[in-house]
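A.B. asks: Pasting the relevant annotations from Swiss-Prot:
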ACT_SITE  H46  active site
BINDING   Y49, K88, D498, G535  ATP binding site
BINDING   E90, N536  Mg(2+) 1 binding site
BINDING   S91, H92, N93, H94, R113, Q237, E309, S310, Q311, S538  substrate binding site
ACT_SITE  H92  active site, proton acceptor
BINDING   D114, D265  Mg(2+) 2 binding site
Amino acid sequence: MTEQITPEIVAQHGLKPDEYQRILEHLGRVPTLTELGVFSVMWSEHCSYKSSRVHLKTFPTSGPRVLQGPGENAGVVDLGDGLAAAFKMESHNHPSYIEPYQGAATGVGGILRDVFTMGARPIASLNALRFGDPSHPRTAYLLEGVVAGIGGYGNCMGVPTVGGEVAFHPSYNGNCLVNAFTLGILPADKIFRGTAAGVGNPVMYVGAKTGRDGIHGATMASAEFDASTEEKRPTVQVGDPFMEKLLLEACLELFQTDAVVGIQDMGAAGLTSSSVEMAGRGGNGLDLFLDKVPLREEGMTPYEILLSESQERMLLVAAEGKEELVRSICEKWDLDVAVIGRVTASGRWRAHWRGEVVADLPVDPLTEGAPKYHRPMTPHPALPALHAFDPATLPEPSDLGAALLRLLARPTIASKEWVYRQYDHMVRLVGAVRPGGDAAVVRLAVSHEKHAHKGIALSVGVNGRFCFLDPYLGAMHAVAECARNIACVGGEPIAITDCLNFGNPEKPEIMWQFAECVRGIGDACRAFGTPVVSGNVSLYNETEGQGILPTPTVGMVGLVEPVERTCHSTFRAAGDVVALVGSLQGEVGGSEYLSAEHGKEAGRPPALDLAREKAVQETVRRAVRAGLLSSAHDCSEGGLAVALAESCMMHEVPADGSTPAWIGCAVRIPFPVRKDFVLFGEDASRILVSLPKENAARFVELAQECGAPVIRLGAVGGDRLEIQGALSVPVEELARAWRDGIPAVLRRDAAHAGAAAPA
């Protein structure tokens with residue numbers, strides 16, 4: 001008996017009444033429940049980008065290095081000499097809040113599959129994480145679970161996690177963010193795509209068996225959380241990194257043959273989205289025979305088989321006659337493999353079950369014909385009052401040294417050593433710069449000896465507070481800071497991926513934030529010549545109507561050549577000159593200092609002059625490549641004082657302890673405005689450098705050639721951070737505060753750990 005489609009069933013599938021009406025018009029009949037499930041996931045925000053697509057089309061997506069832009073599993077850029085890099089960043093926010101370990105682990109697994117599906121071997125991962133107020137009872141539970149999940153999956157896969165960022169803010173109390181980034185290397189002339197080409201070609205299932213885990217995960221990721229959130233735990237997928245490792249090696253072996261026509265990861269919406277998207281890209285139809293799908297649970301229905309998000313699975317279109325070759329390779333790696341369908345010329349997507357057609361749908365309405373909304377937009381009503389705030393009315397701290405210590409202990413600024421110590425960042429020895437610096441640097445020599453001179457710089461970041469106060473400017477800052485981080489290691493930025501995390505797009509102020517952030521990213525990318533080659537949108541990050549800060553995370557890739565000429569982010573030698581490339585404005589709007597010391601999140605983000613920004617970056621990049629610098633460190637959260645303190649604390653200490661873990665400096669800073677504003681303001685376009693005295697004159701000449709201002713501040717040495725007329729604090733004391741920030745969050749939670757975990 002066919003189940004009747006009622007308004008309640010439509011609503012349970014996350015579809016609006018007008019969307020259901022569109023389905024009726026497309027089909028000319030009432031859909032079956034299975035067909036409704038297919039429309040539900042394919043028209044979800046997660047799969048269709050129905051609220052965001054009209055804005056995303058404004059991104060710059062092409063350039064001389066772009067081999068594959070948005071629309072595939074990952075973007076691909078040319079690294080020269082026949083080599084290419086595939087990379088992407090994607091969110092796993094909703095699952096990670098419900099079940100932090102598995103949510104984060106399967107997020108890593110999914111992004112790894114997106115990259116190796118392109119034909120690339122993954123060589124490095126990063127992540128950008130957001131958690132709630134450090135004192136919130138659930139924060140430590142989520143932090144520990146997410147970090148363990150990322151480490152557990154990535155370490156088993158043998159892919160090092162080489163960097164990332166972690167920040168805390170009360171807006172994430174009900175919605176943590178887990179944005180995972182992976183990069184892989186492949187021959188520039190052997191890119192594989194998710195296309196169902198060649199009528200008559202077999203469609204093959206490869207990987208783990210299908211179970212009931214993750215059903216309607218894509219729909220869950222397209223809705224707000226409420227009091228029933230815990231009931232959604234069954235929609236979180238369960239990962240098996242050992243199975244994924246086998247799948248990775250099998251796919252890379254298959255790519256060495258002529259058997260693969262197209263291949264797609266079964267990610268969000270599982271078999272449904274992978275098969276529909278492949279048919280859409282190929283301009284063809286597809287017939288699936290669901291009784292051929294390898295199952296791990298008895299009694300599964302066609303609906304469950306199609307919408308399951310079981311992990312570690314691939315859908316592959318093979319060249320006709322190559323089925324046995326595919327089968328032999330997959331069985332060698334102990335993977336399930338089966339022919340489950342055929343490419344057709346019908347333009348229709350059909351699912352068969354035990355001799356009956358259980359779904360028969362035109363492909364176009366599921367892909368390009370999905371709804372596209374121009375949602376209403378209006379600036380956030382709170383902004384005029386926030387912009388009118390005058391920080392000059394605030395009292396100046398009586399003890400600037402104590403204020404610096406408090407900032408260093410803030411979990412957003414504090415050392416992330418507790419986090420990256422749980423990741424295997426040394427596996428395969430790819431890192432040229434250890435975690436904790438401004439950007440990660442990955443050597444290509446490990447996998448590609450002839451490219452030993454090349455390295456890749458990787459950076460992720462965004463300041464959500466800036467993006468709330470001015471979405472356009474805040475998003476530009478995100479791109480600029482990633483590029484600045486890459487300049488600090490001598491890299492040339494070449495392209496970005498993004499992960500756009502926002503609240504409910506049906507609220508005009510949220511849609512305005514989204515559109516303005518997209519505009520800001522686009523304009524900044526045009527200025528830096530860094531096209532957007534891949535990305536992800538995560539909407540409905542709200543709980544009980546409370547949304548997150550707009551968080552458009554940017555992941556940037558740069559080329560470091562030669563890789564031997566890179567740079568550390570911390571001071572290296574006593575007697576070195578300390579200088580600031582950039583200027584001192586004392587802009588504290590939206591700063592960590594304003595929030596930490598005065599409880600204010602107001603004002604305007606610092607002004608950003610892109611010409612000045614590019615001049616600062618070019619100065620430092622050329623200086624690193626010329627071997628002039630001992631260290632280079634971006635000034636960001638916490639401002640110049642925090643950058644000085646962090647530069648005093650060496651991140652890499654010899655195992656024998658022969659070098660102390662810190663070194664001091666003495667500087668004299670000109671104070672054009674209040675001292676606390678100059679010390680802790682987060683002015684844009686600034687890099688703190690140290691260099692041998694004999695290189696100082698050449699460095700100043702180089703800065704003048706590039707058009708960047710340089711302020712000589714002082715010298716490295718001693719065991720204190722001394723800022724003349726402002727503060728003098730032992731570096732050991734600074735290090736203690738900085739290194740204890742994250743462990744303090746976990747200790748604070750220990751007393752009420754039972755309240756943090758679900759019952």
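Along the chain as shown, the residues are counted starting at 1.
Placed from the backbone N, Cα and C atoms, the Cβ positions cover glycine too.
For each listed feature, how buried is it and what is near it?
C.D. replies: DSSP assigns H46 (active site) to a helical segment in the three-state reduction.
Listed in sequence order, the residues of the same chain lying 6 or more apart from Y49 (ATP binding site) and placing their CB within less than 8 Å of its CB are L56, V537.
In the three-state DSSP classification, E90 (Mg(2+) 1 binding site) falls within a strand.
The Cβ of Q311 (substrate binding site) lies under 8 Å from the Cβ of T106, G109, G110, A208, D213, G214, Q237, V238, G239, D240, M243, E244, each of which sits 6+ residues away along the same chain. According to DSSP, Q311 (substrate binding site) is assigned to coil rather than to any helix or strand.
For H92 (active site, proton acceptor), the Cβ neighbour count at a 10 Å cut-off comes to 32, with all displayed protein chains included.
Over all protein chains present, the Cβ of D114 (Mg(2+) 2 binding site) has 28 other Cβ atoms lying within 10 Å. DSSP gives D114 (Mg(2+) 2 binding site) a helix state.
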A.B. asks: Write out the long-range same-chain contacts of E90 (Mg(2+) 1 binding site), meaning residues 6 or more apart in sequence whose Cβ is under 8 Å from its Cβ.
C.D. replies: G107, G110, I111, D114, N179, A180, C499, N536
A.B. asks: Roughly how many Å lie between the Cα atoms of H46 (active site) and E309 (substrate binding site), rounded to a whole value?
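C.D. replies: Distance (Cα to Cα, whole Å): 13 Å.
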A.B. asks: For the ATP site (Y49, K88, D498, G535), what does the 8 A shell look like? I mean other same-chain residues with CB within 8 A of the CB centroid.
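C.D. replies: Result: L56, P70, M89, E90, T497, C499, L500, V532, S534, N536, V537.
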A.B. asks: Measuring CA to CA, name the entry from the binding-site residues S91, R113, D265 that ends up nearest G535 (ATP binding site).
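C.D. replies: Of all the candidates listed, S91 is nearest in space.
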A.B. asks: Hey, how far is D498 (ATP binding site) from S91 (substrate binding site), Cα to Cα, in Å?
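C.D. replies: Spelling it out, the Cα of D498 (ATP binding site) and the Cα of S91 (substrate binding site) are 10 Å apart.
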A.B. asks: What is the interatomic distance between the Cα atoms of R113 (substrate binding site) and K88 (ATP binding site), given in whole Å?
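C.D. replies: Cα-Cα distance, R113 (substrate binding site) to K88 (ATP binding site): 10 Å.
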A.B. asks: Rounded to the nearest Å, what's the C-alpha distance separating N93 (substrate binding site) and D265 (Mg(2+) 2 binding site)? Just drop the number here, would you?
C.D. replies: 19
A.B. asks: In whole Å, how far does the CA atom of E309 (substrate binding site) lie from that of D265 (Mg(2+) 2 binding site)?
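C.D. replies: Roughly 11 Å, rounded to the nearest whole number.
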A.B. asks: From the Cα of D265 (Mg(2+) 2 binding site) across to the Cα of K88 (ATP binding site), what is the distance in angstrom?
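C.D. replies: If we compare the Cα positions of K88 (ATP binding site) and D265 (Mg(2+) 2 binding site), the gap is 14 Å.
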A.B. asks: Out of S91, N93, N536, which of the binding-site residues is least crowded by other Cβ atoms within 10 Å?
C.D. replies: N536
